[in-house]
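The structure under discussion appears below in the form of structure tokens.
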Amino acid sequence: MRMEFIDTHCHINFGQFRDDLSSVITSARKAGVRKFVVPGVDAVTSETAVKLSQKYPGDIIPAVGFHPYEAQRTDPSGAARHLESMLKKCPYAAVGECGLDYHIYKGHEATGKKDAQKFLLETHLRLAIRYGRTATIHCRDAFDDLFDLIDSLPRLPKAVLHCFSGGMRQVRQAEERKLLMGVDGNVTYSKQLAANVRSIPLSNLLLETDSPLLTPVPLRGRRNEPKNLRLVARAVAAIKGVPLPEVAEITGHNSRSMFFAYYG
Ligand SMILES: [Zn+2]
Ligand SMILES: [Zn+2]
């Protein structure tokens, strides 16, 4: 049986892919990467993700959302209306990329800015729960606030902690809340991350590239693209000591149940 992989977080809706997207998709398919989840980070890139999903039906799932970097310049009620109308129009769209990123405030007083991020994230998660969609969550240096926020919601959202960067305590906290964790190309060069991934069962992992960022070894310095998901998969197989087809099968199953359920 041919191995198939799903890139569960790639920004092929960004300007970096404007000129050669169809060849990027062709080379991904040649590498066995057949399906893609494409998150927006603002109104424009979310709309672009939805348009791409119409061009590649069943193979591209868009996620609509406002990145925490946008929290300062995003009006939360306008964002909520925009998100809701996109979710209504696109019944298979996921939610995101949304989240909390406190790394950008290191060394600065940022209470109000953090509150703006939290409010924007809560808006996304409440919509994800209301519309039964999966959320792709970005979290950097903000896990305590993230888990507190999730625990304050009326129900657990179905969600992935994309590009997971937590330690063992955060792995357990994610597992208690049935959140899956996304692994990216940085697993090929971060020993700490590799050690964490070793202890997460495959049944809780998804593979992603975060293209155009996080290019894996040995291609670092170049634009990342979904075909490089193979390198992430190979690294996970080596770290966990399991055959590559098993990584493909289990992470593929996880990805389909999180993002492609609409297509059966
Ligand atoms: Zn992210
Ligand atoms: Zn991203």
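Please read every residue number as a count from 1 along the shown chain.
Using N, Cα and C of the backbone, Cβ positions are placed for all residues, glycine too.
TrEMBL has this to say about the protein:
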BINDING   His9, His11, Glu97, Asp210  divalent metal cation 1 binding site
BINDING   His138, His162  divalent metal cation 2 binding site
What residues, ordered by sequence, lie under 8 A Cβ-to-Cβ from Glu97 (divalent metal cation 1 binding site) and sit at least six positions away in the same chain? His9, Pro39, Gly40, Val41, Ala63, Gly65, His67, Thr136, Ile137, His138, His162
Specify the count of other C-beta atoms within 10 Å of the C-beta of Asp210 (divalent metal cation 1 binding site). 23
Compute the centroid of the Cβ atoms of His9, His11, Glu97, Asp210, then list the same-chain residues not in that set whose Cβ lies within 8 Å of it, in sequence order, for the divalent metal cation 1 site. Cys10, Val38, Pro39, Thr136, His138, His162, Cys163, Glu208, Ser211, Leu213
When you measure from the Cβ of His11 (divalent metal cation 1 binding site), which residues in the chain that are at least 6 apart have a Cβ under 8 Å away? Phe17, Val38, Pro39, Val41, Thr45, Asp210, Ser211, Pro212, Leu213
For ligand 1, pick out the binding-site residues His9, His11, His138 that have a CB under 6 angstroms away from one of its atoms. His138
Here the 10 Å Cβ neighbour count for His9 (divalent metal cation 1 binding site) comes out at 27
